[in-house]
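Engineer: Positions annotated as active site, proton acceptor by TrEMBL: 80. For 179, the entry in TrEMBL reads active site, proton donor. Residues or ranges marked as active site, nucleophile by TrEMBL: 212. Look at TrEMBL and you will find 31-307 tagged as domain 'CN hydrolase'. According to TrEMBL, the signal peptide annotation covers 1-22.
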């Protein structure tokens with residue numbers, strides 16, 4: 001024990017050392033996992049059978065976690081549904097669920113596994129984190145009993161939640177998040193009574209967490225960034241790709257840029273249902289990403305990020321998304337305006353009939369302006385400028401405002417808006433802007449072969465999305481994807 005006269009210097013030293021523990025950067029990892037699926041998932045199995053399946057997946061995840069730690073990663077994110085898969089009923093998923101306590105209980109499952117009843121999955125995840133000195137983010141299922149005094153209690157007497165957990169470098173449970181915005185096929189789960197804004201502090205920044213479909217809604221996604229001021233979003237997902245706007249890599253990277261935060265997106269890999277696309281994204285663009293529809297291999301991604309991206313010199317400035325578009329008159333019109341559909345949303349399109357030009361197309365309150373110059377105008381490829389301003393209702397209801405330059409699958413204009421993955425036309429110049437009513441706009445540029453274009457475009461502070469040089473690859477789409485949360 002220190003003598004009294006030594007206490008004050010010791011305290012001063014300890015306090016002065018605290019900033020040294022913090023880091024300006026950190027190494028992040030995400031793992032895209034080809035899940036070993038139960039067969040058939042709709043049939044109930046015994047707890048031991050369920051655990052055997054989950055251990056097969058955790059064997060793979062453990063290998064990725066060890067490799068990430070060996071490469072210096074401080075944190076790794078694994079996908080939604082990565083431990084047991086999907087397409088369950090309420091009854092068939094039950095053997096896969098565990099009771100996950102509130103992190104306030106101060107629990108390390110690796111060293112005290114039976115404190116809250118059987119928890120073999122949490123124990124193993126905790127030990128992965130502890131044994132490798134790395135933060136581990138995983139998606140599992142939580143179960144909570146309820147009774148008739150709760151008017152919302154399901155008939156089977158329990159709540160079941162799609163749940164993200166985070167274990168720190170000691171294996172301690174530091175975060176638990178119950179998914180709030182369930183996708184249409186997640187009937188096996190309940191959503192919590194209130195949306196949760198889950199954050200936790202680390203020596204390398206403040207983190208928030210949510211799951212997959214949550215990213216399209218104000219709560220919790222915008223709340224975490226705008227109100228809770230997190231530096232980095234952890235994002236386990238099982239994302240089915242929908243060209244031209246909702247492909248995982250383009251939308252998640254665009255969301256990081258639009259919200260000016262880091263995003264660690266770990267996707268499930270299953271090409272039969274269009275699931276692929278993971279990445280480590282910063283406000284200035286993608287650090288690394290993976291998109292592969294050819295094989296069923298998983299992939300570990302690792303990159304260095306700024307711990308506090310808003311304070312980084314590399315962070316792009318704030319954008320007034322409608323400033324330029326509201327300051328100019330509409331560009332010249334032409335007689336090639338027509339209607340089409342993208343993901344069941346009715347778009348107004350205008351064909352780019354010349355190798356260069358200025359176009360404006362409007363729908364309701366949104367007018368989209370495009371200046372462009374093609375490197376070459378091809379007769380076998382058609383591009384259009386499109387606009388949508390309204391309520392999207394296909395797999396959920398949310399308001400969108402979208403301006404897009406995109407390639408049509410063929411020269412038949414009726415195909416415009418349908419998915420297309422290959423193109424041959426490069427652009428020497430493009431400038432896209434819109435009279436957005438929302439400040440939540442996400443800039444996307446997607447190249448032929450479903451490739452991102454990091455470093456090849458920028459958003460000006462007046463809301464124009466422009467290219468820096470002639471596009472290095474042919475263009476599939478250039479989009480300003482506006483999410484009008486204010487109208488929900």
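Glycine is treated like the rest: Cβ placed from N, Cα and C.
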Engineer: Taking only the Cα atoms, work out how far residue 212 (active site, nucleophile) lies from residue 80 (active site, proton acceptor), in Å, as a whole number.
Structural biologist: 8
Engineer: Could you give the Cα-Cα distance between residue 80 (active site, proton acceptor) and the residue listed as 'active site, proton donor', in whole Å?
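Structural biologist: Cα-Cα distance, residue 80 (active site, proton acceptor) to the residue listed as 'active site, proton donor': 10 Å.
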Engineer: Once near-sequence residues are set aside, which residues in the chain of residue 179 (active site, proton donor), 6 or more away, have Cβ atoms under 8 Å from its Cβ?
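Structural biologist: Residues satisfying the criterion: 161, 162, 163, 164, 186, 189, 191, 210, 211, 212, 213, 214.
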